[in-house]
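Novice: Below, the features straight out of TrEMBL:
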| type | residues | note |
| --- | --- | --- |
| BINDING | CYS56, CYS61, CYS64, CYS86 | [2Fe-2S] cluster 1 binding site |
| BINDING | CYS126, CYS129, CYS161, CYS163 | [2Fe-2S] cluster 2 binding site |
| BINDING | ASP374, LEU418, ARG436 | FAD binding site |
| BINDING | GLN778, PHE809, ARG923, ALA1090 | Mo-molybdopterin binding site |
| BINDING | PHE925 | substrate binding site |
| DOMAIN | 8-104 | domain '2Fe-2S ferredoxin-type' |
| DOMAIN | 248-428 | domain 'FAD-binding PCMH-type' |
Amino acid sequence: MPCASRSDELVFFVNGRKVMERNVDPEGTLLTFLRKNWTLLSKSWLLRLTGTKYACGRGGCGACTVMVSKHDPVSRKIRHFSVTACLMPICSLHGAAVTTVEGVGSIKTRLPPVQERIAKSHGTQCGFCTPGMVMSMYTLLRNHPQPSEEQLMEALGSNLCRCTGYRPILESGRTFCMESNSCQQKGTGKCCLDWGENDSSPLGKKSEICTKLFAKEEFQSLDPTQELIFPPELLRMAENPEKRTLTFYGERGTWISPGTLKDLLELKVKHPKAPLVLGPAMKSQGHFHPVLLSPARISELSMVTKTSDGLTIGAGCSLAQMQDILAERIAELPEEKTQTYRALLKHLRSLAGQQIRNMASLGGHVISQHCCSDLNPVLAVSNATLNLISAEGTRQIPLNEHFLAGLASADLKPEEILESVHIPHSQKWEFVSAFRQAQCQQNALPHVNAGMRVLLKEGTDSIEDLSIAYGGVGAATISAHRSCQLLLGRRWNELMLDEACRLLLDEVSLPGSAPGGRVEFKRTLVVSFLFKFYLEVLQELKKLVKLFSVPDSRHHSEVSDQFLSALEDFLVTIPQGVQTYQNVDPHQPLQDPVGRPIMHLSALKHATGEAMFCDDIPMVDKELFMALVTSINEELSRALELPEVVDVITAEDIPGTNGAEGDKLLAIDEVNCVGQIICAVVAETDVQAKRATEKIEITYEDLEPVIFTIKDAIKHNSFLCPEKKLEQGNVEEAFEKVDQILEEVHVGGQKHFYMETQRVLVIPKTEDKELDIYVSTQDPAHVQKTVSSTLNIPINRITCHVKRVGGGFGGKVGKPAVFGAIAAVGAIKTGHPIRLVLDREDDMLITGGRHPVFGKYKVGFMNNGRIKALDIECYINGGCTLDDSELVTEFLILKLENAYKIRNLRFQGRACMTNLPSNTAFRGFGFPQGALVTESCITAVAAKCGLPPEKIREKNMYKTVDKTIYKQAFNPETLIRCWNECLDKSSFYSRRMHVEEFNKKNYWKKKGIAIIPMKFSVGFAATSYHQAAALVHIYTDGSVLVTHGGNELGQGIHTKMLQVASRELKIPMSCMHISETSTATVPNTIATAASISADVNGRAVQNACQILLKRLEPIIKKHPEGTWEDWIEAAFEQRISLSATGYFRNFLNQCAFLQGLGESGMFLGSSVFFAIADAVATVDIAEDFMVQSPATPERVRMACADRFTEMVGNCLFS
C-alpha cells in the first residue's frame, strides 16, 4: 500500500542509545537495519553494527543473534530474550531495547567475561559464528548468572558452528555454570577420560602431556551489576502505554500496530486479508501482503488464566513463555492432571531453537495449520478449544481435525482473531504422549510427529476414549478418527495393538508421490509411534494398578524388561571430551611461543564483533549492489522495470574471456543445470537488485537426455574426463586363490555450508584500469587471474585483498573467482564499485558441494580375515562442468588403500557429467568418500568372517616399511602407535564388552562402537603448488609487519606465522602484526588448502626472518647488551635493508614442524558412521546389509527390519 502519508515514529534503543526512525520499511528486518549505514537514508546517527552477521537469513544458524529486552505488561518485569535479527521485523521493536555484540563489550573499552572466556578458551576459529554464540550466552547469563549445563545447551542449541566444533565453545560457557557432574571438572581423583586400560601413555611421562588450555581462575568474575540497564524512558513508556495506533508506511506495504484490542478488531474488519504478525518474519514463498497488523502492544492477548478444569494461554504468548507457563503448572498440579502439559512441554523443548521460540507465538503456530506443526497434534487429541474474538463478539471452536484441515466451516472468519487457547487438564486413567522424528533433535522440522491420548475405563484396561493425530504425513495435521472409533471398548493389549496398526496404515495413507517422499519411513513411524505409546501406557497402567490395588490386575499386559529401552528417549546431553597436547620442552625459552596454546590473534575481535569480514567493509562512494539471475525451472514474469535498477550484465558485456569452454561465467543460449548463472542485475540497493532478478523473463526449451544421477551418466556414457586407474600385483590371479569373494556398492554426498556466504566487493580506480577486489576466498591469486582474463587487462592492475574468511572448506577455492569476475565486469561497465553478497539459497544452489560417490568393490579374502585382492571402481557425480572433478577423482583413487597393505589392488575412477551444479573442492578432497567405500568393504569382510571389524583392520594394516600403491615409501610406525594408543586410552575392549552386554539385554535400543585407522597424505598433486613466499618488514621503532601467501580461514594461520617469526627473531609476538593477505605484497600465491599452508608459508616466513637476522648479526655481536630497538635503529643508520622476502619450495622433504589435523580430521567422523552400522548390525537383518552414507534417521530406521517395517511392506505390496 504505497502511501504519501507520514509514518509514525518508531522508538527503540540499541546498546543504550535511543533510535527514533520514521523511514522504516515494513518488510525490513532488524539485521538489515543494524548492518546498513542509515546516515545515507534518514539523517539518523550512524548505526552500522556489523558484528551481527548475515549467514542463512532463515533463523536457522544463530549468527545474527541479538538480545531484545521488553517490559512484560502481565508480570511487570523486564524480559531479556535472544532472537535472530534476520527474522525480527524492524517495526515490531517499538518500545524495546536491543543489545548487540558491540553493546556487550569492546577491545577498545571494556571486555566482559562472556567475551573474554570464549576467546581465551579457544572457542573461536573463523569467528563468523562467534558474535551469535556470545549473544546467546550473554542472554542466558542476564537471566541466569549461574546457569545449569542443561540451560547452557538449550541456549546454544540453535547456534551453528562449522569450524571450531562445540567442545571449546561449551567449555567457555561451562565456566559460568554451577558445579558440573562431569568427572573432568571435579578436580579430585582420576578422570575416566585421562588414561586408558593400561594407565600408560606412549608419549612418555604424564608431565609431558597437558589437558589444560586455560586457567579458569585467571578469568574475571561475572558481575551482573555492570550490565546495561533497561532504559528508563522505555520503562515509562511501558508503564503508561500509548493507546493510539502506530502506522509505518513503506515502498510496497504498510505496518499497523494498534494500541487496543478494540482498534485491532476494527482494523481486522477493514483489512480482512491482512495477517497478524507476532513473531519472526518468515519468508512466505512469493506471497506479498500489502498490510500487516501487529498485535504486539495488546496485553489481552498475553493473558494466562488458570481454572479448575484447565489452562487458558493467550495467543500472543511466545512459545518460550508457554514453556515457562506449562512448567510452572506442572509443578503445581498432581501428575494425573498434567499429562497434556507434559506432552506439550516435551515438544516445545525440541521445537525450532531458543531464538525462534522466543519470537514465535502460540497463536501464530496454531493458526498457521502447518502440516509439520509439533503442537497442533497434541492440542487436537487433548480437546483444546480456540477462543476467537471479533468486533461482533466472541466464540469458541474446537481445535480438531476439521480446523486443522482448513475447512471453512471450522476455521476463523476473515474478521476474527485468535484470542487464546484453552487446554483442559487430563484426568485419572487418561494418558497423553507426544512423539517426533526429525533429522536431529533440535532446530529441525519433523519428518513425522504425533499426539496420542487414551482414556481407560477406571480400574480396567478397556479403552473408553482414544485420539490419535499425526503431522508430516499429509497437507495438514491428520486425525485418525475412524481408527480410534473402531477401537473403543477394546482392551489395551497386543491384539488391540496389531489391529490398531492395521487400521492406522489403512486410514493414514501416504501416496507414493507424497510431499517430501520417504513414504515407507513415514508409514513405519506411524505404527512405531503407536507402539511406543502402547508401551508407555502399559508402564503407567502398572503404576496405577499398584497404587490403587486394582483387582484382576494380573490380566493386564506387561512390558518385557527387554522392551523397556524403547521407552527411553535419546537425551541431549553436554558432550564429554578432553583435549590433550604435548607440553613444550622445559628448556624452551619462555618468549618462544611455538608449541604453546596461543590464543587466536583475532579471537577477542571475533568475540566483540570487531573482526571485519568482507561484507563488513563500509559502503564506499557511489557503490552499487549486484544480484545474480540463475536458471530456474519456471518462466519469470515481467521485463525489467524498477527505476532503481542501473544495468543488467550479460555475456555480451565481457570484454575478455567468458570462462572456459563448457564452463562459462555467464551462460550463452544454453544452460545445463538449475543454478547456472545467466546474467546479473546492478541496482542502487541490494533489495532492489534482488527484486529485479524476479522480473527478468527467460524462456527455456528442454534438452535431452536429462541426467541427474551417476547411474544415468553411466547409462548414457556421460563423463567429464578420462578414466583414472591404479593397479598393483595380479588381482585376477589372487581372486582365484581366496576363500571368499564379496561384491557391494556404496553412495554419499554433502552440500557446502560455510557460515559466511560467497561475497566480493570490487572497487575500480580512476586510472590505468586498476581494480581493488576485497573477496572471501581461499585463493586470491586465482581470483586475480580470472578477473584479468575476463576483463582482458594485465594481472598487475588487479589487487585482491583477503582480511579473513568466514569458513571455506574448499568451497572458496575456485568459485569466488567466478563471482569476482562477474562483479568486476559490472564495475567496469558502470564505473561504480560493485558489492555482490550471495544469499544462502543462491549460494547453496550455485556452488555445488562434495561429490557423491557410487562405489563398487570386489574383495577376495581368507577365512581368517586376511584380504588378498581388492578391486574398486568409483564413479563421482561431477555436475555439469569439470571444475575440480578430475583432481578429486585422482585423489580418491590415490588414497583408496587407506591404512591397509593389500598386495593385489586395482582402483578405477570416473567423473560423471550430469545436469546438476558442478561439485567442487570440499574438505578431504575425495578421501572421505573413497575411504568410506574401503572401510565399508572391511566391515563387510568382518561380518562374513564372524570377526570384529577392528580385528580385520588390524590384520590388514601396514606393519612394516613398504611402498604404497602410488610407489611412495611409507613407515607405519606412527600409524601403529596411534592405533594402539587409541585402543588403550578409549578403553576400547572393555567398552566393546559393555556394548555387547547392553545389546543382549535391550531389544529396541542398540549401541555400537567402532575405531577407524587413517593414512592421509597431505599436499597437492602438482609439485609446483608446494611453494610459498613471505615478506617481512622491520620498522624503525622495532615493530615487525609479516605478510605471507596463506589466507586466514579460521585455522589460525596468521597466529602460527607470528609464532614462527617470534621464534626466529627472538622477539615477542606483541611486537608483530599481520594486516591481510594481498596479491600486491606476495604474488603468485597458492590456494590455502591441502593441509600444507601453515607448513609452506611457515617455512617462507622462517626464511625471511633468518635472512633479516643474518643481516643484523654483526650489530648484535658488536652490541650484545643492546635492545632489539637499539639494533634496528643501528641497522637503519648503517643502511642495512630491514625488509626481506622469504621463499620455500619442496614441501615433501622439509616440512613437519607445524602440521596439524587439517583436512584429515574430516574423516575422523566416520567412526560415528561405522558405530551406527555396528549397532544396526546387531538387529536381525539381511547378512549383506550395509548402511548407506549419510546415515540419516530414515536409513538407520529402515535398515532395522522388525514387525513394523514388515507391516508397512505388506501393506504397500497389497
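Note that Cβ sites are derived from N, Cα and C of the backbone, with glycine treated the same way.
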Novice: Would you mind sorting out which of CYS129, GLN778, PHE925, ALA1090 (the binding-site residues) have a C-alpha within 10 A of the one on CYS64 ([2Fe-2S] cluster 1 binding site)?
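Specialist: Matched binding-site residues: CYS129, sequence order.
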Novice: Write out the long-range same-chain contacts of GLN778 (Mo-molybdopterin binding site), meaning residues 6 or more apart in sequence whose Cβ is under 8 Å from its Cβ.
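Specialist: The list for GLN778 (Mo-molybdopterin binding site) reads VAL805, GLY808, GLY810, LYS812, VAL813, PRO816, ASN1047, LEU1049, ALA1087, THR1088, ALA1089, given in order along the sequence.
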Novice: Just the number: how many Å between the Cα atoms of PHE809 (Mo-molybdopterin binding site) and CYS86 ([2Fe-2S] cluster 1 binding site)?
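Specialist: With distance taken Cα to Cα, CYS86 ([2Fe-2S] cluster 1 binding site) is 25 Å from PHE809 (Mo-molybdopterin binding site).
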Novice: Would you please pick out, from the binding-site residues CYS61, PHE809, the one with the fewest other Cβ atoms within 10 Å of its Cβ?
Specialist: PHE809
Novice: Could you state the whole-number distance in Å separating the C-alpha atoms of LEU418 (FAD binding site) and ALA1090 (Mo-molybdopterin binding site)?
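Specialist: Spelling it out, the Cα of LEU418 (FAD binding site) and the Cα of ALA1090 (Mo-molybdopterin binding site) are 57 Å apart.
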Novice: Let's see if you can do this one: DSSP helix, strand and coil counts over the domain '2Fe-2S ferredoxin-type' (8-104), in that order.
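Specialist: Going by DSSP assignments, the domain '2Fe-2S ferredoxin-type' (8-104) contains 18 helix, 29 strand, 50 coil.
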Novice: Quick check on the binding-site residues CYS86, LEU418, ALA1090: which one has the highest count of other Cβ atoms within 10 Å of its Cβ?
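Specialist: Per the Cβ count within 10 Å, the most buried is CYS86.
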Novice: Have a look around CYS64 ([2Fe-2S] cluster 1 binding site) and count the other CB atoms within 10 A of its CB, chains all included.
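Specialist: The answer is 29 other Cβ atoms.
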Novice: Neighbours of the Mo-molybdopterin site GLN778, PHE809, ARG923, ALA1090: Cβ within 8 Å of the Cβ centroid, same chain, sequence order.
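Specialist: For the Mo-molybdopterin site, the extra neighbours are GLY808, GLY810, GLY811, VAL813, ALA921, PHE922, PHE925, LEU1049, THR1088, ALA1089, GLU1159.
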Novice: Would you kindly give the Cα-Cα distance separating CYS161 ([2Fe-2S] cluster 2 binding site) and CYS61 ([2Fe-2S] cluster 1 binding site), rounded to the nearest Å?
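Specialist: Just about 8 Å between their Cα atoms.
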Novice: Within 10 Å of PHE925 (substrate binding site) (Cα-Cα), which of the binding-site residues CYS56, CYS126, CYS129, ASP374, ALA1090?
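Specialist: The binding-site residues close to PHE925 (substrate binding site) (Cα within 10 Å), listed in sequence order, are ALA1090.
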Novice: I need the least crowded one of these binding-site residues (CYS56, CYS129), counting other C-beta atoms within 10 angstroms of each C-beta.
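Specialist: Selected from the binding-site residues CYS56, CYS129 on minimum Cβ neighbours within 10 Å: CYS56.
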Novice: Among the binding-site residues CYS126, CYS161, CYS163, which residue has its Cβ surrounded by the fewest other Cβ atoms within 10 Å?
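Specialist: Per-residue Cβ counts within 10 Å for the binding-site residues CYS126, CYS161, CYS163 bottom out at CYS163.
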Novice: Quick check for the class: what is the C-alpha distance, in angstrom and rounded, between CYS163 ([2Fe-2S] cluster 2 binding site) and ARG436 (FAD binding site)?
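Specialist: Here the two Cα atoms are 29 Å apart.
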